[in-house]
């Protein structure tokens, strides 16, 4: 049985207990959220050693890091290293998007090594395999697509991105409306090319029940991909995007009815003032299923800094209801991320998630900031470093800028505001 | 005459023409904004070689970078280098907050070298001078404070931060309400200590007309400091902060009546969902004077990444009405920024400002993103790099991650979404 089916029967599974503990809520509270589809607990029956975490309404905002090889960088070792770095930086989920090297081996090793949930996009591998076999991508058959999906599920992927909402009707909408960047989702663009070539409906939509059966068997959470994700601000919140979202809403319902856990993916590039609207639409159109966003990036013009453009968008998105943030690294739009990029991306997304958790009133969020404020007031440097979201970096920067013995920092030096005012307000101060 | 006085008389000054040109509006449009106090044009009559820029409603969001020495780092050269780096990174304003070395010489050189407006906090130097003279800080006299202010104005400071709103009544409010971090503003904490010691009203409040006379003479824009700026989320939007803001509102009116240009400074550390309220309050309480914010930082727990916490807050603040963002560097809460920190801080704040300019509908903002989107769609790499907010970094990262000859990036490699979809949608694509 899937976690959803168990939850509906009133059963609190060991995975629910573990995940609830991390949130500071009871297993029963989490069970209820899962039962009504407002939360998912991605944990493939074949993923050994997973620390299960739940994603959804009323839970802390989760962060995913994408890693994986490409044909230019096919080695396993750097990706395992990125996994380790991301987990150490506090990530809650990893997606393996490998398209180079021994993809099966890479995925299996990542799942084996990862203590956090692992997601994949099975279609990518099917594309690579077809290409390697010397065939045109559009020659891929339905059976090959579903076999690829089943392989990833059997290997223990906790969730998979499936672009089921890219229908002929949505593509027609796109053709009529036009866009600056058309389709920027890799999976979405391939499915579209396939459909246009064969003049056939999307097999992931047409044979959705086949997909549900596979997901049901391994308790894989479906992450309904947004193939029509806007690739630039000018394309945001347009007809094709929202039409696909409506379709995803109906697929959410069918998955839940079948007992399959499901969440929905969202944009993308979105102007700041359209983000809240996007989140509300996602929740109303998709029956409050957990919403997983890539960014959103609030401007197109900052390659090299898209961890920042997406931290801005992600914080607003999560404050307005998004449950799960996919990190964006400084390398976005330029190439694959280095290990350093991975860490920067995870921390930036965690900052966005935490800023939103403060708004959501998530347990422990406010207390964390309060503890830091008290440590600052007391000029308690070891405590400040320890409470930092990245103690390693904060400690390193503090050390580089100040002699160890100084209690005040070089910013104010002798004219420390805390010291000045504490003397006169009679508030406690561990003086210099 | 000040720019405000000229504007009221219907005169479009050469400075207004220059500043209006940068905004893509007419001199008359800018004159009207200045005349009603919704915009300021900081340009001290003694700042030679200044490229004047205006700050206020309907104008592009401006970014300031704080630089300056401390007792631990008293050298001039690194600060001039930071000035150069900040200007090259596109900053619109520099504040010299020096408290170490030959402060007069440092300020004069920065003003001389800076093509952008320069702000200072005269009180800092008066504090240092008093300390150097072997006297207790609270022994500083009213006359010394005003002499210090006049010196900075005579030297060509385009705007000065003056903590006029820290009154005995505001401090009483603080004592009654209590706070986790009391006062974190250096100027605010000193003024408070001085007032409590002497049991006297704030001279900058009591003798506000004296201040106005100095500002009038040199056309220095007053930047009314928020001495009660919250230093942590728990202290945000509380009685003391808002009481001071009300006081600043009355001082705005008096400045404008006297023909003195004036803007208002704002927080600080503010939870994400309180930012819009803060901006609205600032505008209504302060008669729509330009609002200049430090951050706001949306969480306390990310030292080492406060350029990101403040980019999140700054983007939301500026979208909700803030006109001027003070950058925050990765070094905030840890020490003085390095040259690298300065650049990161400026770019992060410019991203926040631009994300807001897209919302504000500022001329040229939308077009910039649209051009980038078109360059991306066309895989036109030189154009993408050129359009980047930091072409140097984008170019460097692109080069490190990809062979020069490749048109596709390593992210998708052979499975480039743009290429796939362009083939089938019949949209223009400069194929690989």
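Counting begins at 1 with the first residue displayed.
Even glycines carry a Cβ here, placed using N, Cα and C.
Some features that Swiss-Prot has for this protein:
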- A:66, A:95, A:124, A:163, A:185, A:186, A:187, A:226, A:227, A:228, A:229, A:265, A:292: substrate binding site (BINDING)
- A:269, A:333: Zn(2+) binding site (BINDING)
- A:409, A:412, A:416: [4Fe-4S] cluster binding site (BINDING)
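Each of the binding-site residues A:229, A:269, A:333 was scored by the number of other CB atoms within 10 Å of its CB, and the largest score is that of A:269. Put plainly, the binding-site residues A:187, A:227 were compared by Cβ crowding within 10 Å, and the winner is A:227.
Chain B comes close to A:185, taken from the binding-site residues A:185, A:227, A:229 by a C-beta to C-beta distance under 8 angstroms. Same-chain residues at least 6 positions away in sequence with a Cβ under 8 Å from that of residue A:292 (substrate binding site) are, in sequence order, A:55, A:64, A:223, A:263, A:264, A:265, A:266, A:322, A:323, A:324, A:325, A:326. Secondary structure at residue A:185 (substrate binding site), taken from DSSP and collapsed to helix, strand or coil, is coil. A Cα-Cα distance of 19 Å separates residue A:124 (substrate binding site) from residue A:333 (Zn(2+) binding site).
Around residue A:185 (substrate binding site), the same-chain residues six or more apart in sequence whose CB sits under 8 Å from its CB are A:163, A:225, A:226, A:227, A:228, A:229, listed in sequence order. Contacts of residue A:66 (substrate binding site) defined by a Cβ separation under 8 A and a same-chain sequence distance of 6+ are given as A:94, A:95, A:97, A:326, A:327, in order along the sequence. According to DSSP, residue A:229 (substrate binding site) sits in a coil region rather than a helix or strand.
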